[in-house]
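Taken verbatim from TrEMBL:
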COMPBIAS  33-55  compositional bias 'Polar residues'
DOMAIN    345-401  domain 'MIR'
DOMAIN    410-466  domain 'MIR'
DOMAIN    471-528  domain 'MIR'
REGION    21-60  region 'Disordered'
TRANSMEM  123-141  transmembrane segment
TRANSMEM  153-174  transmembrane segment
TRANSMEM  205-224  transmembrane segment
TRANSMEM  236-269  transmembrane segment
TRANSMEM  290-315  transmembrane segment
TRANSMEM  603-626  transmembrane segment
TRANSMEM  647-664  transmembrane segment
TRANSMEM  670-692  transmembrane segment
TRANSMEM  713-731  transmembrane segment
Amino acid sequence: MAKEECNSQWHKARDPFAVRNRKVFPSPEQTHKSLITPESKNKQGDNTFPSNGSSADFPARRRVDSSNTLLLIVVTGLSFATRLYKITEPPHVCWDETHFGKMGSYYINRTFFFDVHPPLGKMLIALAGYMTGYDGTFPFVKPGDKYEHHNYWGMRGFCAVLGSFLPVFAYLIVQELSHSHTAAIITATLLIFDTGCITISQYILLDPILMFFIMAAVLSMVKFNQQSYRPFTAPWWLWLILCGGALACALGVKFVGLFVILLVGLNTVKDLWRILGDLSLSLIDVAKHFLARVAGLILLPLFLYVTIFAVHFVLLNKSGPGDGFFSSTFQSRLIGNNLYNVSMPEYLAYGSTITVKNLRIAGGYLHSHWHLYPEGVGAKQQQVTAYLHKDHNNMWLVRKPDNDTQSGSPDLVRHGDIIRLEHKETTRNLHSHLHQAPLTKKHFQVTGYGLNGTGDTNDLWQVEVCGGRKGDLVKVLRSKVRFLHRATGCVLYSSGKSLPKWGWEQVEVTCSPYLKETPSSQWNIEDHINPRLPNISLSLLKPNFLEILLESHIVMIRGNSGLKPKDNEMNSKPWHWPINYQGLRFSGVNETEYRVYLLGNPVVWWINLASLGLYLIMVALASVVIQRGISPQQKRIEDSDVLRGGGGLLLLGWLLHYVPFYVMGRVLYYHHYFPAMLFSSMLTGVTLDILLRNADLLLRQPYSDWLHRGGQMVLLFTVLYSFHLFHPLSYGMTGPLAHEPGSAMAGLKWMDSWEF
C-alpha cells in the first residue's frame, strides 16, 4: 500500500491535469526555482546547503558563479583563438569567396546585382570590408586569384568573429536547458575543436553569419523561457525583443532562417498553450501574453526584415549585372540603366529597333546569335534563346510582312497586326516550325531563319495585346504582348529551362501550342528606338517600394529553386552529411598548392551521430519507467525532464534544419548541414552528460564516480587528439596528398570519399 500511495502521489505531482484541479497552486516563481536550484545531498540524504535562502547559500553560489564565469572565459578564448588563427591564409580567393566577396564589392560601389539570398549577410560583409579599408576594387573573378595589396582580412575576420561566438552561444544554451556545466563544456568542446566549424568560419561566406543569428535566436528563446516566472519585466522584454531581432536577421541572411523561425514558433505555441491552462491567469492576462509575442516575434521581425530590404534598395542604386533578372519598370529606377530617366517613343511602330523582355521572372530578353542548333536538335538553324543580361544580340527590328520600307511618319503597330521580327545583328527573322523544341518536347522549335529580312511564311507573327481589343496600340513597358505564330497557331514562350553548353546555358525559347495566358508567354517592349517618333519620359513608370520588394522575393525564390547541379559539379545528398561522407575543397587540388578542405572532425561528427541514437534509447527507457509507475529518485526525475524537455527542443531543432533538405529540388552541398550540426552537438552534450551522471545505475560508489570522471576525460582527450590529427584540413596543407607516400595526412583518409 505504501508503494502504491507513493506512486500515486508522484503521478499526481507530474500530471498537469491533476495539478490544474488542485485547490492550492504553487507560484510560477516557486516552480521555476524548484527546477533551476541544484540539490546536493550527503549520504544520509540531508541537504548540504540550506534551501531557505539563508546567508549560508551565498559562499556556494559565489563559487558556482565564479566557476561558471571562468569556464565561459576559457570557452570564449579557445573559440576565438581557433577561428582567428591564420585568418589571412591562404592569401587568395577560396571557394564561394568568389561570390560573396564580389557582392561585398558591389555594395561598396553601390552597383546592383542579383543573388538568390536576402541581402543582410552581404551588406554586413561589405560593411566589415569598408570599415577595415577595403575599397571594393578587387574583381573576385575565380578561386585562386591573389588578393595582393587588397585588404581582405577585415571581411574574413568579421566572419571568423561571428563564427567564434557559436561555441559560446551553444555553451550558454545547453547550460540553461540542462543546468549542467559538464553538458555545456562537452558541447563547447565538440564545437571548438571541430575542423568543419573552424573552416566554414574563416572565409568570406554567409554561413557563419547565418549560424550566428540562428544561435542568437535560440539562446534568446531559451533565456526568455527562463523568465516565465516574472512576465513583462525588463529582462523578459529584453530577451523577447532580442529573439525577434535575431529571427529577422537570420531570415535576412538566408531563407534557411525560416527553419529557426519555425522552431521558435512551435516553442511559442507550446508556451501560450501552457499559459492558457494556467487558471490563475485571467483571459486579459492571456491576451496580454499573446499580443506581446505577436509584437516581439512577428511585427518586430517583419519590420526589421523589410527595413533590411529598404536599406538594400537605397544602397544599390546603380545599374549592374543583375538588371536583366528584373522587370523593365524595376530597372528604370537604377542609375546608369538604359531606362533610367530616359525618353523614348510611347507606342510601338514599324521600323523600330526594340528589345523584347519575357514577363516570367528571370525569363530574359529575346535573344539570338550566330551559333546554330546542333545536329539532331530540330532543324540546324540559328539559335533563339532568352538571355538574362543586356546585350547587343537582344536587338530586333519590327518589319511589315512584305518588308516594305516607309517614308514619313511610321505606321503604329496595333493589336491583331501581323509583323516580322528581324534580328538586328544577324539579319535573320524570328521563325518557328513543327520541329520539336530542344528541351520542352511538346512545344515547337524557335529559330532564326532567312537573310537580310527575306524568309518564308513561318516568319510571320500576330501581335496580341493581353486584355486588348483590335486596333489597340502597343505601349512601351506597360503593354503585355503575346506573339502568335501564324503558320502553326502556337505562341512565343520562355520555358525557364537552361539549355546545355551548346546553347551557352541560356534559357530555352519555344513556341507553345497551349494558348493559355501565362507570364511565360507574355512579353513587353523595353528598349524602343525610332527617331521618327516623339519621345516621352519614363520617370513616371518607376515602381513603388512594395512592388520592388515583392518582385525581389519572387525573383529570389524562383532563382533558388532553379539552382540545379551542373555537369561534373560537386554536390551531395542529405544522407551524406551526418556521416561526414564527403567534404568540400576550398582551395588547392595538388601537392604544390595550399590546400584547405572543409570536413568535420570525424570523431566529433560520429560521436554526434551515435548520440542521436543513444538519446532516443534513453528517452524511451525513461518513458517506460514513468509509464510503468516506477518511482525513481529525484535525480532521475530531473534527468528525465532535461532529456525530454531541453533535449527534445534540441532534437526538434536538428530535425527542422536537416529533414527539409530531403524534399528540396535545388542543388545541395555539404555546408548546408552545419546549422543542424550545431543542434546535434548541443544534444550530444546533454545526452552524454546524463549518461555519465547515471553511471551509478551500473556500478556502486566509488566506481561509478570513477566511471563518470573517466568517461569525461576519455571524451575530452579523444576530441583533442582527433583535432591534433585533422587540424591541417582547416589551417592548410602542402606537399603530397593523403593517399601518396610521405604525406603529413597519411593514414587519415579513413573514407575513400574524402579528397584531401
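If you go along the chain as it appears here, the first residue is 1 and each next one adds 1.
Using the three backbone atoms N, Cα and C, a Cβ is placed for every residue, glycine included.
Curation plays no part in TrEMBL annotations; they are all automatic predictions.
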Long-range Cβ neighbours of the transmembrane segment (603-626) (under 8 Å; 6 or more residues past either end): 14, 190, 193-194, 196, 578-580, 632, 636, 639-640, 643-644, 647-648, 651, 654, 677, 680-681, 683-684, 686-688, 690-691, 715, 718-719, 722
Counts by DSSP class (helix H/G/I, strand E/B, coil) across the domain 'MIR' (345-401): 3 helix, 27 strand, 27 coil
Beyond the flanks of the transmembrane segment (236-269) by 6 or more, those residues with Cβ under 8 Å of it: 117-121, 206, 209-210, 213-214, 216-218, 220-221, 223-225, 227, 230, 292-293, 296-298, 300-305, 308, 556-557, 560, 649, 652-653, 656-657, 660, 672, 675
For the transmembrane segment (290-315), sequence-distant contacts whose Cβ falls under 8 Å of one of its Cβ atoms, 6 or more beyond its ends: 107, 110, 118-120, 123, 232, 237, 240-241, 243-245, 247-249, 251-252, 261, 264-265, 268, 271-272, 545, 548-549, 552
Helix-strand-coil residue split for the domain 'MIR' (471-528), DSSP-based: 6 helix, 27 strand, 25 coil
Residues of the parent chain within Cβ reach of the transmembrane segment (205-224), under 8 Å, 6 or more residues beyond its termini: 95-97, 100, 117, 120-122, 124-125, 159-160, 162-163, 165-166, 169-170, 172-173, 176-177, 236, 239-240, 242-243, 246-247, 249-250, 253-254, 256-257, 260, 263-264, 267, 649, 653, 657, 671, 674-675, 678
For the domain 'MIR' (410-466), the number of residues DSSP places in helix, strand and coil: 3 helix, 29 strand, 25 coil
